[in-house]
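The feature domain 'G-protein coupled receptors family 1 profile' is assigned by TrEMBL to 41-290. The transmembrane segment annotation in TrEMBL covers 25-49, 61-82, 102-123, 130-151, 207-226, 238-261, 273-292.
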Amino acid sequence: MAPGNNTRVTEFILMGVSDLLELQIPLFCVFLVIYGLTVTGNLGIITLTSVDSRLQTPMYFFLRHLAIINFSNSTVIAPKMLVNFLVSKKTTSYYECATQLGAFLVFIVAEVFMLAVMAYDCYVAICNPLLYMVVVSRRICLLLVSLTYLYSFSTAVVVSSCVFSVSYCASNVINHFYCDSVPLLALSCSDTYIPETIVFVSAGTNMFFSMTIVLVSYFNVVLSILRMSSSEGRKKAFSTCASHMTAVTVFYGTLLFMYLQPRSSHSLDTDKVASVFYTLVIPMLNPMIYSLRNKDVKAALRRFMGNLCCSLKAMQFL
């Protein structure tokens, strides 16, 4: 090994979505619009579910936290990504990279389990409606959300510590648009068996348990809906969970596409495409899914805009 190869890496270079110069400005505009819609949509959901008295239910409590997670996850990734479209030197420091990886892991793991919690909430609402406010009480809601954040933070600390416990020497070019565990470990100049195993086991365990909760919950939901004698009851029950079913399908579909594709066709470029979806596109789509298909959210938005207009008119007469 040449002497230069023993030099410890102090910064990384992010290749980004594409290295073609002619695509940098068009991609910047596209992702700026996506991030703008993500911020607007998720902050809108957070605001409506916080101020509207009719949305103070467990379902909208969990939806608020999903919006917080989506907003935070995109904010961890998008600003640095957008800056890198405009600069020639796409660098990130060693500690900035470690921080971004840790923050990303916190919110992506939190999203996986928040969707599972929301599936359980839907199961209780459809299958045990008379016990709903007892089984999903405010105390239980706070406990489920707290455990989700605590577990995601613990997972992020363990995994990111393992990824940055290995040595990074000569090579510092990350084939990605943010600091992720797989492309980072590909650069290591030391043995990566243990951190790779921990990353794989952690991802596999999280996917298995969260998907099990989701599948079991919705299996029972579908059975309960099919047993209903009233077509109006079936329609109302389905509409209660339709938005969440759509969000879950899009999110887990993307993750399964990424992790279950054949090894021969798997590449970091494919990972980048999938990562664009679950870090930027899905957080943009979720507020649309939950607002466009939800009468309560649309009604709350109309009330909020009406109150805002009345407040502005009142201020004009002062």
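Just so you know, glycine gets a Cβ as well, placed from its N, Cα and C.
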Taking pairs 6 or more apart in sequence, does the count of Cβ pairs under 8 Å between the transmembrane segment (102-123) and the transmembrane segment (25-49) hit 3 or more?
no
Mean of pLDDT values spanning the domain 'G-protein coupled receptors family 1 profile' (41-290):
89
